[in-house]
Every structure is written in structure tokens, then in C-alpha cells.
Amino acid sequence: MKERIVGIETEYGLAYDAAGSKPQTIEEIARRLFAPVVEWGRSTNVFLTNGSRLYLDVGSHPEVATAECVDPLDLLAQDRAGVQILADLTARAQAGIRAKGGEGSIHLFRNNVDSAGNSFGCHENYLIPRRLEYARLTDHLLPFLVTRQLLSGAGHVVQGPDGARLVLSQRAEHMWEGVSSSSTRSRPMINTRDEPHADAERFRRLHVIVGDTNMAEGSTLLKTVSTHLVLSLLETGRVMPSWAIANPVKALREISTEASATTQLLLADGRTVTALEVQEYFLEAATEHARSTGMDSGVVPEVLELWARTLRAWAAQDLDPVADTLDFAAKRSLLTRYAERHGLDLGDPRVARLELAYHDVAPGAGLVPGLEQRGLLRRFTDPAAVSQARSEPPRGSRAEIRSRFLHAARRAGVDHQADWLHLKLTEEPSKTVLLTDPFATSDPAADELIQALDTLPTVHTHSTAL
Amino acid sequence: MQGQKSGWEQSKVHENEALSAIKHNRDAGVDNLLDEIDGLLETNAEQFVKGYVQKGGQ
């Protein structure tokens, strides 16, 4: 696919620092956080007018699933809009606690691990054609995903037998299989659960759950665009060299632990290669593919350049050239500088506290705004585009239809339900609209429904956004 | 010719100087940010980190 629908689902972690005042359970905090959502949409599981889904997942994880995006920069804007929406909910919950005399503070983390070893994810969804030979696709994709942590690992300090060290990926230790249908018990890198949320004869949704949650926009951009290009390359069905890794889970963990591109990987055919060599192959093949198919437009050339710069940095064992763009390099620079200044070991709790601050998106609690303001972390999104993405959908997908429907139904105050596939008025279930083409930006039945809503008087005059 | 750097060598020198300037600025920026949050990191860091416990997700 030259144009592809991509979406990201991010599970957030919650914490309440009581600071000596009355403690609150995470369930209580989550309930407070979602009280305005319930008031707005009568549920803790709602679709917003920007087309995204906001919900409280199992285990009291706030979660945002972005709308279906075609443009990579729209995806970044949607992802960041989700952060802002949750940050605002956090501020409201915080104010509620203060009003009742509570002195603690709520923290909201975009990361993948807590102190007890639980893991939660950042799942990527890529629309792929149904006609593909799925097993061949995932076989070829897996070596790319195993080594992709060189591009988008978020970094994590772990205690090892030789002391604390900064590993490349937060997620690596929580992966148990390459490709399977399980999700929590034996987490695979690619989840094969077949829920296309679209016409199942034409489409499939590739569900990648191996990736770290990223803070740096550069990491999210590089992660999703590189994967899209590699998928596009694999979709040609062209005969390609196999980089099938003998033991992908073992390789994933070793690359993460060594945090070095020179980790040796044993391939299924008996050869030994480095993680860097695998990435270099995919970069070269994806670059050539993008050139020959005209896909090297928009932000793609810049992403290919970033990919190349990242691999050169790993080859030179100097990540400074990407320290203002990618999570692992940015975090390493921050944590090592702090530890040096105070003469601390990386295993010191203050370093762990700093690492959590890097992932915190509660207002005033996180480091990313400060890093961006100082030019230490590059921002790719336009703030105005992010503001707009809080209530408006990305262009070029059925999220546009969903958004028009939600705006219209909310304005008219008519009870309704929407999900990825359906638009429904509660009182008129027979008129339910099914949207099976994720690329469709208009639909006759949906337009009819929306036009009927538009004839009704306005009930909600103020913003229809949450 | 001796004692003079070639254009390529000269550009390498400039590049290295530019890179070390960037690194210096980066360290200064990071220090500035760390100064701002030092108090936060000193207070109950261990308790805070241990208190971050979720139920597992997907």
C-alpha cells in the first residue's frame, strides 16, 4: 500500500503521590479522571469528535486509540492531542482532590513498566491487504521489528547481575513469542488476532505490540514510517533475502540488554549478523523502494534521512547526533549527566525518579516540555495542528465521517453510539451505518443520517469536544 | 603545501568544532533543566518509584 491507515493505542500508567495526606487507590484516581468523560459520553469508553477512542482499560489504565491516520504527521498530532486531553483530565481530577483537602499529586505516565514488573503497551495498527500471504509477511517483518528498537527504544534502567544499566527497550523483557494470538499471558511481538475493523475480504489489521511507548515525536515518527515502508516493500511479494532469526525473543532481549547495534544474531540459516546489519539492509531496501514507487514525498525523505543518521550514529557508537530527536539517546544523555553531576550510580532511586519524570505527562510534572523549550528534544508537530486535532479528525480516512456524525449528534443532543465500524442513533437502530472502507471520507447512508441530524435544533451550543 | 590543511581537512575541523559546540550547548541545557527539577528528585524518590504499581495491561 502506498497510502496506509495507521493508528496507535497507548496505555497510560497512573500513580498518586499522597505526600503525607490521605492515600488514594489507583481505581479511585482513575474514576476521578474519567468522571468528566462519563458525564460527557455516559461511559468510560467513548469516541471523541476527533475520531479517536478514549477509554479506561482493564487494570485502570487510561487508554487512547488514535483515529485512522494516513499522514504520519496527522498521527503525531492525534497522539499528542490524546496526551493533552488526558493531561487536562488529570488537572481537573487534581483540582477536585485539592478542593477536598488532599495534598497529593496525580502522575500519568507514558511508559511500559511499573516498579512491580507489570507491563502495558503502545500498540501499532497497520492496515494491510487481505490477499497477502500473512505468514510470509510476518516472517519477513519480524527481524525488522526485533532490531527496530535501535530506532525507537525508549530506554530503561534495570538492575542486572553487574549493577544497574540502561537497556534499550522497556518492552523487550515482557515479550514471550514472535507471532501469536495471545495478548497478556504470553505476549507476542505481532498479535495475530484477526479484527480488521473493516471489510474483512479486502483488509487485515496488523497489530504490532512489541514497540515501546515513545515520548519523543521523532521516535514515533521513525517507528511508524519505517514500519509502513517495510510493509510496503514486503507487500510487493518480491523475492527477498531472509533475515529470519533463530530465536527472535532471545535476540530482542539481547539487543535490548547490550544496547549496542553490534549484538550478534544467529539466523535460522546458521549465519550470524549484527542488529545493525539487519537494519542497514531494511533501510537500503526501503529507501530504494520509496524512490522507485514515488513514495518518497511529504515527510518520508526526512524520515529516511533520520533513519540513516540513526544507524550511522550506532555504527560510530556515538548517539549525540540523534540525542535531540530520539528517546533512547535523549534519555541516556539526561540520566548519565544527572548521575555524573551527583556522583550517583544509575541504580540510585533518584535516577529512577528522573526516568519516570521523563515519561510523566501530568501537567507540570514531566520533562518533555522543558526539553523541547530548550531545544533538547525536537518537536515535529505544529502546536496549532495539535490543538485542532483535539476536536477534529485526521484527513483522508473514515474518521472524517465519524467526526461529522459525532459533531452533529452532540450538537443536536441525540443519543448515539459510534465505534470504528458503526454509526448509530440509539432510538433508530435500523438506520445504523456500517463503514467498511477505512479510506472512505464520505458515505451516502452516513451523509443522510448526518443531514437529518443537522435539521434538528441545537441543544449543545458550546464546544462538542470533551 | 605543508602546514596548510586541505579543504576537506578544514571542513572536518569545522565540523568537529560545530559538533563539540552542540554537545557543549546540550550539556548546558540539560544542566539547566536538571537544576530546575533537582528538588523534585531529592524528595521521596525511592518511595515515589516503589509506589508506581499498576495492574498489568496488554
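A Cβ is built for glycine as well, from the same backbone N, Cα and C atoms used for every other residue.
Among A:E3, A:E9, A:E103, the residue that TrEMBL places alongside A:Y55, A:E63 at the Mg(2+) binding site is A:E9. Those same-chain residues not listed among A:E9, A:Y55, A:E63 yet with C-beta within 8 angstroms of the centroid of the Mg(2+) site C-beta atoms are A:T10, A:E11, A:R53, A:L54, A:D57, A:H61, A:P62, A:V64, A:A65. In sequence order, A:N45, A:V46, A:F47, A:E63, A:V64, A:A65, A:D419, A:W420 make up the list of same-chain residues 6 or more apart from A:R53 (ATP binding site) whose Cβ falls under 8 Å from its Cβ. Annotated pair A:E9 (Mg(2+) binding site) and A:T66 (ATP binding site), C-alpha to C-alpha distance, rounded: 6 Å.
Closeness to chain B is evaluated for the binding-site residues A:R53, A:T66, A:W420 by Cβ distance, with values under 8 Å counted; no residue is counted. Between the C-alpha atoms of A:D57 (active site, proton acceptor) and A:T66 (ATP binding site), the distance comes to 15 Å.
Following the DSSP three-state reduction, the secondary structure of A:Y55 (Mg(2+) binding site) is strand.
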